[in-house]
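What follows is a single structure, written as structure tokens, with notes after it.
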Amino acid sequence: MLNKKIINHTAPKLLNSDVLMLLTFVACNPPPLPLDDIVIEKTFTPDRCDRMVKSGDFVRYHYIGMFPDGKKFDSSYDRSTTYNVFVGRKQLIAGMDKALVGMCVNERWMIKIPPQLAYGKDGYGDNIPPDSILHFDVLMLDIWNTEDKVQIKTYHKPESCGRTVQVSDYIRYHYNGTLLDGTLFDSSHTRMRTYDTYVGIGWLIAGMDQGLLGMCVGEKRIITLPPFLGYGENGDGSDIPAQASLVFDVVLLDLHNPKDEITVEAQSLPDHCPRKSVVGDFMRYHYNGSLLDGTFFDSSYSRNRTYDTYIGKGYVIAGMDQGLLGVCVGERRRIVIPPHLAYGEEGTGTKIPGSAVLVFDVHIIDFHNPSDTVEITSVKPENCSNNTKRGDFVKYHYNATLMDGTYIGSTHTFGKTYDVVLGAGQVVIGMEQGLIGMCVGEKRKLVIPPHLAYGERGVDGEVPGSAVLVFDVELVDLEEGLPEGYMFVWNSDVTPNLFSEMDKNKDAQVDATEFSDYILQQVKEGKGRLAPGFDPQRIIENMYDNQDRNKDGRITEDEFKLKADEAAAHDEL
């Protein structure tokens, strides 16, 4: 049996006469020394050798065929195609069949084959004479076997893997595709766009359909395919040659199934949840939005403003409409939305790619319904008989917050009450409603929806738009108001000489000073009352203006009438 031999080219020591004889032979270009076996010179060995050629393997390699004098007789490079063949099946000359065993991909050998293991005494046509020693400069590019299966090597796996790729799932992934020798033939990274496809239903080459199954989002793996699970005998017609093994370096970015619904994970629940959101509610919430692989695409926090919208009405994507139902104020939840309930195959064209699963981490700040009224919770004192009504002048303390507890303001900060006349439009409608019917010492919690508070605009720098307000109120003092429409009333019967009593200088007319002095004197003596909570002087000026019918700055006796004497007029006297 013949064996491979590695020739040691170190020359032996020669005598002077031997040197002379050698020079003579060289000058005459003598024939090469005969070989009794193949000789292999390893001209390049890669640092890594995952697989060596065995008998029965299919190989792809380049070669240059030469005679010992260096004259080329054949080259695969000249044909721009590799030589593809099974090893050990007598499809090659015997010496090559033997020599290729043990080679690694990217390894380069110079193989010298004696005639008896090449074309022997017959030679080969006009190219190879009889009894020729042949030299082949071989570069191994690919090795596979008909028994090969898809090879998977995972080199990164995320700590958490709640779901893996199954048949009929739709995935988005990046990849680099190379031949077995490392030649790049394609990359999704260079296109800056993921490859998006169904898995396991024939949309991919068979080997990728197999190799992607079981992956987690964020996982990275190398998938090696033999050609019969890749592009087979024909290649792809351009970058992938025939009978080529393929290597895909893959990172999975997204995964869903067309049958998927949204998934909701409650991350934090408030201790108290008196109400949960329903269709038609208007909600204010913060969110961070990311893709399934963690890539950030949007956040309300970065704008320092909540996202405000109706829910269940189609104002937001369908998955978010569903995911925001049944939440509590203060709740935090994660909502995972498949693309068919989000932005679909097209994405948004900027930060959200087509067919992307979206992840929203949501914090519910508040919600209300347009039909909401003021919600009142009351703690009354034992003696609670005199209750507030429209027109009353009240003094109260309050602490004000948003629904999530964010501080807005407090009278305690300034150490003084807030004083208003009920029904005079001095506070928001919801507060007026919430203060009606209180008694001194009573404490109430008022929850006021925005349409009864500061509405969609809010108060710049203090109250956000569409915010529900919470007031903790304590009534400190109550002064009964006048009947509606009156700014002054008599506590006793009106003197029949009212005009003459006002006309101090007896000039048959009352000027503004005489009028003001008289009214203030009646109040001081308890004979009359001005409406509480207003500037007395302005009330008196208004009363005088109403009595001065011709607006000449004087009131005559003809102009002077009591309010009760006129059915339609709203004069104060």
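Indices start at 1 and increase along the chain as displayed.
Using the three backbone atoms N, Cα and C, a Cβ is placed for every residue, glycine included.
Residues or ranges marked as domain 'PPIase FKBP-type' in TrEMBL: 56-144 (among others).
Residues or ranges marked as domain 'PPIase FKBP-type' in TrEMBL: 168-256 (among others). Across the domain 'PPIase FKBP-type' (168-256), DSSP assigns 16 helix, 36 strand, 37 coil.
As a summary of secondary structure, the domain 'PPIase FKBP-type' (280-368) carries 12 helix, 35 strand, 42 coil according to DSSP. The annotation domain 'PPIase FKBP-type' is assigned in TrEMBL to 280-368 (among others).
Across the domain 'PPIase FKBP-type' (391-479), DSSP classifies residues as 13 helix, 37 strand, 39 coil. If you look up TrEMBL, you'll see 391-479 (among others) marked as domain 'PPIase FKBP-type'.
Here the domain 'EF-hand' (490-525) has Cβ contacts under 8 Å with residues 536-537, 540-541, 543-544, 547, 553-557, 560, 562, 573 of the same chain, all six or more residues outside its ends. For 490-525 (among others), the entry in TrEMBL reads domain 'EF-hand'.
Taken together, the residues in the domain 'EF-hand' (535-570) have a mean pLDDT of 76 on the 0 to 100 scale. According to TrEMBL, the domain 'EF-hand' annotation covers 535-570 (among others).
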Three-state composition of the domain 'EF-hand' (490-525), taking helix and strand from DSSP: 18 helix, 2 strand, 16 coil
Counts by DSSP class (helix H/G/I, strand E/B, coil) across the domain 'PPIase FKBP-type' (56-144): 12 helix, 37 strand, 40 coil
